[in-house]
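Per TrEMBL, the feature [2Fe-2S] cluster binding site maps to B:97, B:102, B:138, B:142.
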Ligand SMILES: Cc1cc2nc3c(=O)[nH]c(=O)nc-3n(C[C@H](O)[C@H](O)[C@H](O)COP(=O)(O)O)c2cc1C
Ligand code: SF4
Ligand code: SF4
Ligand code: SF4
Ligand code: SF4
Ligand code: SF4
Ligand code: SF4
Ligand code: SF4
Ligand code: SF4
Ligand code: FES
Ligand code: FES
Ligand code: FES
């Protein structure tokens, strides 16, 4: 790798490598001969053996002497993880889903050699039942706009030149060459970028605060702790496009006049860590990190720091303590990190996705960015769609889109055509959005107004199958386990909330308990030391606000309408309807269903663990849940 | 009245393991007078757990001495982070994801199924040290919910009735 | 210094910026309840964890309530401390704390002295709206000095701040997290497994009964009523300056005569003064100082009368264990003399004498139990009771200390000089030693007895004195953090001193771990300090070597200071690197 020492050299390199991406960007306008097969190598698809697909593809390419006409490589998440592993063939623009390593043979033989698109690997439109060839025609992609995820599914994250080809490091070059610290900050301010880590604090203002604090040392921190369970936006960005984070951190360093950055990344993301390590080494070798970057006189280095499994370390003061080698206990703000952060020095903490938005703003201008989104929330937001939804995965949408569009147009509606119940956003700090609010535009302020929050981007879709009290209990369990235990309201108060929810889900609740939930929640929010305790009663309050009747049913009727709370349900076989097919008894994990073939079966209630497998599997609806 | 009793621990690990860790700490080139030396603690503990499998008291004391900080401080940090464990894990570390996406897809039932079949609770290890069960929060493969990881392998879309098979797979793998 | 105009409860005040709401409110005499907060600025101990949340108040324009103890004011701030919202939140916070607290004040050593109990009373707590799982930790009574009952811990972290930041012993840490979080030694082990030096400073600052002392009261009562035992009390200098506080007397009122009367009333056969032993310590130590200084050998010499500091040395500075004086502490000197010289005089076997020490100190409980202080298995000091513990015994016996007529110590081991009295304050040992060393070295009478430059509550005091041409470089430290600073300088050869006095407790024994609680009011310590200096001034004899009983002791029994016999009885040796887990 040759060192790039000046802005001039950078633009030259950029011009030189630009064509690398032609097959992927120009598509049918691309005149070259060579095809490219991109395979998703992100954690989700990796878990379904996507690595083996690439290995197999490369074996076949070699075996068939196709090196000159086709290459296969790993790329980042395409977003449509539900249908992973995803394989995309360029420039043909063919989007294959649920590919197995065995399918590699077919792809090479049929598609590459014989130019026949493999129909069975194409996505089937759920309504028209038609097979769809190009990605852009899949409904999942139609309302999306990729800014933060611009390189995921497009470039090989391990190849810095592919990153440069898509304008990578051009923003850094521009900043170091043409702009002062304050200019950078003004640009970010004008773009209206707000923190994507959950708080939504204006990024430009945060940087400005840190710039104004004189100090011999300042720090840039990238918060890659991504603690919200069920959310994986940051992971995908770092895994699919690590350089975009490094570049933006360096720009931030320049903006606040810091020479040292840390990425605090959770230990649960091993492949992410590997990618980042590699990217940092590349950055250092090529000269985008280190001393005198692009001849500007500006020095910046980045070091990885690992989390060790504590949600609270996503909170910035706790994160800082963790980097310092201490227990991740938050401290009161003020002082804010931009005044006194790591080792007592001014420190800017920003989220991964926040950083991922920085370079496009510099490259394309604040006006372009501010043109996306709503009045108070600019740009796009990445969401991790999960739960009872058809198309789980990663979506990036312009702010202001409605939930209706995300759930139905992009997400393809609820699994098994069940009834939509709610979407939980903001993870353990957030709340529910219900059917009534499906038309609410998604932005920081509208979500806050209806008692939820943007959060970091986890979106869990709930259906009639989900018990709302149980969901609230789930989040409280999480909170209680993840609380640092420092302050009373959170340490004891949340535990008491959880105990009350447990009572209710076990059919021992009282109407006073519901009142206590409300009053105690408010006080916990009002008195807790950090953002965790200040928001964790939200799931309780917001479910109570929209689904109080469901709580009351648990309390008054001792019933769980969704059939989830184990203490409140029993499964029984209706003898008349049972055909004696034995499906249930074979599947029951505890083997508590007995009965001879073609005779009515019975469930031993003592042993039944209420897993519901039999209920789901009986084709004759002979099993009822009470 | 229950009284706090010291739990005696003997030094049981071979010197080679300590040498490995020692080498790692040497490479960090820590200045004992540097007030920021503590910043290496979590890193050293990770390495220690990697080498020793867990972080027993003898190791924590050793790390404290090596970094020139108090044992209590090391212990406070170890007990704070989920990733650190002071008891040995099984040969197969079963981690059931209890993140939201997995939970709403029935991860709790998967967990209790593992617990039931192996006869241990989450956080424990089987007597033969073959299996240990844990829960973790999101490995980022939420679209495959519910997800279970065993050592480095990720199992997606696990159903309660699959659990027995997964355990058998491990045993087969072990024999191979 | 910039200032902030603020309004609290409609009252205007101008304060320096950086002031907390709590401090500003105090200036206006507005009381805001606190629990975790503790500011002992005199010894640089500030606990600002803001963890209990009992002090929350409403700040205009702020989304949530603010902890008054940790929120700095800003210009234009408008605070309301007693809105419905704040009052209700504070009450709920307290109810939450209590929902994880054992309700057994009646059998709690801290009852009537407990900050949590006071709050519960002030808030008029009369129901328990929140109930649920409660912490359950085993009791730690692994050692002779401190009792830890973590079920009563409210996670204020004062002990941790004290141990780690002020004392720099570093034994305590937050352990685990969430509802399971607690403050404990490493690995949740008992204190005896740690490098705790038993200074008891954590006990002094604990607002609740989570940290209290181990008590020997039952054993002492038994001894007092055992017809076969001859029971003797010795009382340390700092007791007289503080025990009156337990009986509603004005802080700083020395109650020496009443204290003796109370001890006599309790039934002690003799009441001796540890000040006598302090004089004896000075005889031996001054001798050692003079020797080492004249030969310029093994300097500096460090005082050794504080067992907390000696423990600290053994654990943390084992390489320096050759430099302290080999003198035993006054408590142990008294023990050795009582069980030899005085036993002979009484014609009793040592095992038939029970010596009870009244000490301001918890480390002395540990010290008395060290095996090297029990020749032939008979301990020199049998039981140690703290100032607080003795006050309880006096109350239990129905004695009102305040109304007693003064009585005198018994002889011969009750006679003391002013030099012995000031052992109870930081700088006192040094001053006492100088008074004697000066006259030994120069053979001249001191014109002015006071060495004012060694006095005061500062953590580190350095000065020089001219001993008739010999310049002695002195350092006086109190608090182990200060000791660490100086010891590290010595270890690195950064400083040269001849004599160093070290006291484990900030301010010396007047602020010992067994003294009545000061509840954050450090002015009490200053008053105790003054009490001891005025007792010194009032004494006819103020130099140890002039104590006639001491002179007689040497004549009749010990020979010379530093004699072989004196060495055997009055000196000790240290155990560098002692393995605490083997005790
Ligand atoms: C309990 C808690 C957990 C948090 N977890 C994360 C996280 O995992 N990732 C993140 O970027 N921010 C997290 N935050 C927000 C950070 O404290 C901080 O506001 C953010 O990193 C700032 O970056 P931004 O301005 O770019 O959003 C968390 C906050 C709280 C209170
Ligand atoms: S709110 Fe919870 S997580 Fe935050 S400081 Fe308090 S106890 Fe810790
Ligand atoms: S609910 Fe689960 S455990 Fe109960 S009978 Fe059905 S399959 Fe078996
Ligand atoms: S699956 Fe349904 S029909 Fe078949 S045996 Fe079970 S209950 Fe009967
Ligand atoms: S600690 Fe205080 S409140 Fe608790 S039992 Fe003891 S005296 Fe009562
Ligand atoms: S205060 Fe109440 S509970 Fe306590 S002893 Fe008196 S009457 Fe009993
Ligand atoms: S007695 Fe002293 S050394 Fe021991 S824990 Fe308390 S403060 Fe620390
Ligand atoms: S032991 Fe006492 S001082 Fe220490 S945290 Fe608990 S209550 Fe506070
Ligand atoms: S200073 Fe006094 S009270 Fe404190 S430990 Fe030393 S001897 Fe005991
Ligand atoms: S992980 Fe492969 S498409 Fe998301
Ligand atoms: S919630 Fe289980 S993998 Fe994300
Ligand atoms: S006294 Fe302010 S939070 Fe405890």
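Note that Cβ sites are derived from N, Cα and C of the backbone, with glycine treated the same way.
Just so you know, TrEMBL annotations are computer predictions that nobody has curated.
Sequence features, as recorded in TrEMBL, placed on the structure.
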| residue | record | Cβ within 10 Å |
| --- | --- | --- |
| B:97 | [2Fe-2S] cluster binding site | 33 |
| B:102 | [2Fe-2S] cluster binding site | 31 |
| B:138 | [2Fe-2S] cluster binding site | 30 |
| B:142 | [2Fe-2S] cluster binding site | 33 |
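According to DSSP, residue B:138 ([2Fe-2S] cluster binding site) is assigned to coil rather than to any helix or strand.
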